[in-house]
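Please read the structure below before turning to the comments.
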Protein chains: 2
Amino acid sequence: MAETSSKSKKRQRAGKDFLTTELPFKNRLKPDSVILQTLEPLVASSSSSSSSSAPSSASSSSKPLTLSDLSLSATCREVSDFSLSDVQSSIESLVLSITHSILSGQGFSFNVPSRAASNQLYVPELDRIVLRDKNTLRPFAHISSVRKSTITAKILSLIHQLCLKNIHVTKRDLFYTDVKLFQDQTQSDAVLDDVSCMLGCTRSSLNVIAAEKGVVVGRLVFSDNGDMIDCTKMGMGGKAIPPNIDRVGDMRSDALFILLVEKDAAYIRLAEDRFYNRFPCIIVTAKGQPDVATRLFLRKMKMELKLPVLALVDSDPYGLKILSVYGCGSKNMSYDSANLTTPDIKWLGIRPSDLDKYKIPEQCRLPMTEQDIKTGKDLLEEDFVKKNPGWVEELTLMVKTKQKAEIQALSSFGFQYLSEVYLPLKLQQQDWL
Amino acid sequence: MAETSSKSKKRQRAGKDFLTTELPFKNRLKPDSVILQTLEPLVASSSSSSSSSAPSSASSSSKPLTLSDLSLSATCREVSDFSLSDVQSSIESLVLSITHSILSGQGFSFNVPSRAASNQLYVPELDRIVLRDKNTLRPFAHISSVRKSTITAKILSLIHQLCLKNIHVTKRDLFYTDVKLFQDQTQSDAVLDDVSCMLGCTRSSLNVIAAEKGVVVGRLVFSDNGDMIDCTKMGMGGKAIPPNIDRVGDMRSDALFILLVEKDAAYIRLAEDRFYNRFPCIIVTAKGQPDVATRLFLRKMKMELKLPVLALVDSDPYGLKILSVYGCGSKNMSYDSANLTTPDIKWLGIRPSDLDKYKIPEQCRLPMTEQDIKTGKDLLEEDFVKKNPGWVEELTLMVKTKQKAEIQALSSFGFQYLSEVYLPLKLQQQDWL
């Protein structure tokens, strides 16, 4: 049988490993074809998961829950993608209404949504953080807000220019257009988010982008600014994720899942081994902290391709925190959580229980610092963790054992242990939470 | 005339700019076709530059100077690219000779090239830092070196395994194979460089790679691990530079120059504007500090395509330092400077003299800190700066005016000032040092 011969060939290779013993758990692996069969229903369920959880209430079976489904649209706010001409006309109407206000003797002020912590809300049904509807007045004719309202007017005028020109700029570019006024980039950055909220559109609609950081490789074809990109033909380096999601489109894939990887070392291993050819998948990483471009790209893949997302992060509080930013959003950009978050990300590994289960040697585990333990305990109080009993159990174990481990700790069993044993076994056992 | 009509169209576009005045210096720009004509001789001269400076001494007209041309090969050392089987057999001979030494009663010790600062030398003729030939004995039977010699033996055995498997791993992977022994990643990293020096091969020959950081876009076609990549069809995101240069090949280009950009904000601007279509070029950035993969990739482009490299960096001491790492190498990896450095990089901008020349507004210039000024003065003492009178002049001006500016400061004239005026004018005037 072809299966057996390819298996024995693999055994032979493993025998060459620098560890003289057989790789732990390798003998539990079934043939790839069997693992692939177990994965297929996953795609089917992922593409219809929202319809099964809310069979009749939602108008369209594939649409995720929204604020209005939960009757929250009056008390919470959310932005949406605007076309450039919509952004342009919103700015123009805003300016018109301010002119009216001035002419009618009511003065010049902006009514800006508050983005303070007290105005944030985690909604379990949506599994993400949203922004409540409190506003703050920013009058020009007041000593405490004259600067901020001037900055707001300036940012609005700059964005209006970007719409006319249809180009993208970075936050740093914005800052440099008037250093004297902004003084410090944090000030123009903050007002930029205010402007997004105020206009009710996403920050990407404003054509202001963050520097790109992420890369993607594997079973994905998409268009970047008109060029068709085949991510199976991107060598080992992969394709840099474009900074502007609005010029990304035409996504096609025959993958069974998306593998979201925290660090680039693990990404490189999987890219070189072309793991996506053995188990059809798309591999994506932001190389650490998730940036806006990678978050938008991941969401777009999940939404358009209807694939399950499995996350491979370090077994420490920051790994889980990173997972949560992809899944539920960050507080700073909660006004745009609907567009930035990817629902239903599964925690594949490295999970605290894996440390014993996969017999990761003591010397490859690291003791958690006081700060780590505090962050872990804080996470246990967060709603998005509490909601998932499996996550609570894992995190409790982490805080109890006071041990953490990086993905790379698997290298103690051989450099390819991750791609040849750990991940295939995880997939075979559908071992995710 | 077609030229005039396209020019007047551009004027019209510029008129829409958010600055009501005409863009400064835009009126000095000649038509693109004229600028392109002035650039063409540049390529010709770049591909034969080394032959003109040393018309008869070098054996091959296109080969750069080497240590042996300068009779330095006896007192300085240098590594070269090895094939995997060469690395494997060097390790095997090394181990054999150590076995011999043990059997003949002379004990077990490694003879390791010293990488201390006192063993570094800047060679003006080569315009890079090289390593002298001092060695240090690392005996196993000595309390001060028993750990380090054990680590060395372990790293050698790991590298030997990588050769057998023909896979690439990161430094972090290496560290995790024996945390108990290495204790700390800096220890395994340092010994890895020692092993490179000892075997006389480059670190990339060892199949140990650094995380990828750089991106490339523009008029370049190359192969990454067997896949052909066309960098004019990489959208706005560009192609991530592969971490392993040994799987990069088949470079082809119709560019006139390579534009090396320090920061990603400027890279994004140029990628979106498809600057490489207006002026045929290849645009590359490491997004800040140059990483090994980007340095190797830049050198490979320069060597294979014989194109001039023009650098666009911030006008501060760190911009020049970054330029120098690409050009002359870093002290830590001086043993491999021949492979890591790109000769003859031109300093295009932003140069200290540009601040007044291009009338960059006062508020977009930043005062240099004490540390900046000290770094600037230290650079003035470095041989690689002294060698270039133009650089000395610029750096002296910077230290004197105590002003610095980022590339993004050009945004004060409009977001596309960089791609529409500054760079074209620089090219037209051949204004680089």
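Any Cβ shown, glycine's included, is placed from N, Cα and C.
Noted in TrEMBL for the protein shown:
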type     : residues           : note
ACT_SITE : A:TYR176           : active site, nucleophile
ACT_SITE : A:TYR176           : active site, O-(5'-phospho-DNA)-tyrosine intermediate
BINDING  : A:GLU262, A:ASP314 : Mg(2+) binding site
DOMAIN   : A:147-208          : domain 'Spo11/DNA topoisomerase VI subunit A N-terminal'
DOMAIN   : A:212-248          : domain 'Type II DNA topoisomerase VI subunit A all-beta'
DOMAIN   : A:257-427          : domain 'Topoisomerase 6 subunit A/Spo11 TOPRIM'
REGION   : A:45-65            : region 'Disordered'
CB within-chain contacts under 8 A for A:ASP314 (Mg(2+) binding site), separation at least 6 = A:GLU262, A:LYS263, A:ILE350, A:LYS404, A:ALA405, A:GLU406, A:ILE407
Averaged across the domain 'Topoisomerase 6 subunit A/Spo11 TOPRIM' (A:257-427), what pLDDT does the model get? Just tell me the whole number, please.
-> 92
DSSP assigns the residues of the domain 'Spo11/DNA topoisomerase VI subunit A N-terminal' (A:147-208) as 47 helix, 4 strand, 11 coil
When each of the recorded positions A:TYR176, A:GLU262, A:ASP314 is checked against chain B, which show a C-beta distance below 8 angstroms?
-> A:TYR176
Long-range same-chain neighbours of A:TYR176 (active site, nucleophile), Cβ under 8 Å, sequence gap at least 6?
-> none
Three-state secondary structure of A:GLU262 (Mg(2+) binding site) from DSSP?
-> coil
Count the other Cβ atoms sitting within 10 Å of the Cβ of A:GLU262 (Mg(2+) binding site), across every protein chain shown.
-> 25
So how many of the residues in the domain 'Type II DNA topoisomerase VI subunit A all-beta' (A:212-248) end up helix, strand or coil by DSSP?
-> 6 helix, 15 strand, 16 coil
